[in-house]
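Asker: Sharing the features that TrEMBL gives for it:
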type	residues	note
BINDING	7, 63, 139, 140, 141, 142, 172, 173, 174, 194, 195	substrate binding site
BINDING	30, 32, 63, 172	divalent metal cation binding site
ACT_SITE	32	active site, proton acceptor
ACT_SITE	172	active site, proton donor
Ligand SMILES: O=C(CO)[C@@H](O)[C@H](O)COP(=O)(O)O
Ligand SMILES: [Co+2]
């Protein structure tokens, strides 16, 4: 089954617990942590994530767009995030960091910006549970899906097949009813959709619709 992780970035952030309840039929809530250093935007940090975990509504998929994840990411795993994704452009010792995140009980993802080549994460893949291909420049929701990322997703899927690695490929940015099929066909199996889900009248219906489009292509 394709996994749908709605991003709460463009939700009603004054009522995050209520917004999680709206999307609880999804597989996880994608929580974008931005520090105004790694990206030119600021969201929330560990205390907010801890509060959401305490509500026990659904698994939390933390996407850390922060400088120095080696220092800050393990606390998100210790807090109980289901998965913690850091960016390869920001990490100093990604294999050690992955080990620390696993030790704290989280699944681990490594993300790449649109301009970062796959070669930057190739050697890290055996240590990961998930690779995140950004299909927008990280920092903001509501941007257009960058179609030129499709070959990158396809190459990553081929690489995983060649190396017999069973890890998830997450795509993040501009995922909607109009773009999810291409991403799924290229090889992604975890889909982050922010404005598509929270902009819909019925979030649960949108989640079901996205799943239905992606499922026939599923690399599950
Ligand atoms: O990480 C990010 C942006 O940096 C994403 O998670 C976006 O927040 C997804 O939002 P949409 O592009 O689906 O509106
Ligand atoms: Co994200």
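Heads up, the Cβ atoms here are built off N, Cα and C, so glycines get one too.
Automatic prediction, not curation, is the source of TrEMBL annotations.
Small disclaimer: the values here were computed from a predicted structure and weren't measured.
How about a rundown of where these features are and what they're close to?
Answerer: Residues within less than 8 Å, Cβ to Cβ, of residue 139 (substrate binding site) and separated from it by at least 6 positions along the same chain comprise 34, 39, 40, 41, 65.
Long-range C-beta contacts of residue 63 (divalent metal cation binding site), restricted to its own chain and to partners at least six residues apart, with a cutoff below 8 Å, comprise 7, 30, 31, 32, 33, 85, 109, 111, 132, 172, 192.
Using a 10 Å radius centred on the Cβ of residue 172 (substrate binding site) and all shown protein chains, the other Cβ atoms total 27.
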Asker: Which number gives the other C-beta atoms within 10 angstroms of the C-beta of residue 174 (substrate binding site), all protein chains shown included?
Answerer: 25
Asker: Tell me, if you would, which residue among 7, 195 (binding-site residues) has the fewest other CB atoms within 10 Å in the structure shown?
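Answerer: Selected from the binding-site residues 7, 195 on minimum Cβ neighbours within 10 Å: 195.
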Asker: When you average the Cβ positions of 30, 32, 63, 172 for the divalent metal cation site, which other residues in that chain have a Cβ within 8 Å of that mean position?
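Answerer: Neighbours within 8 Å of the Cβ centroid, excluding 30, 32, 63, 172: 5, 7, 9, 31, 61, 65, 85, 132, 192, 194.
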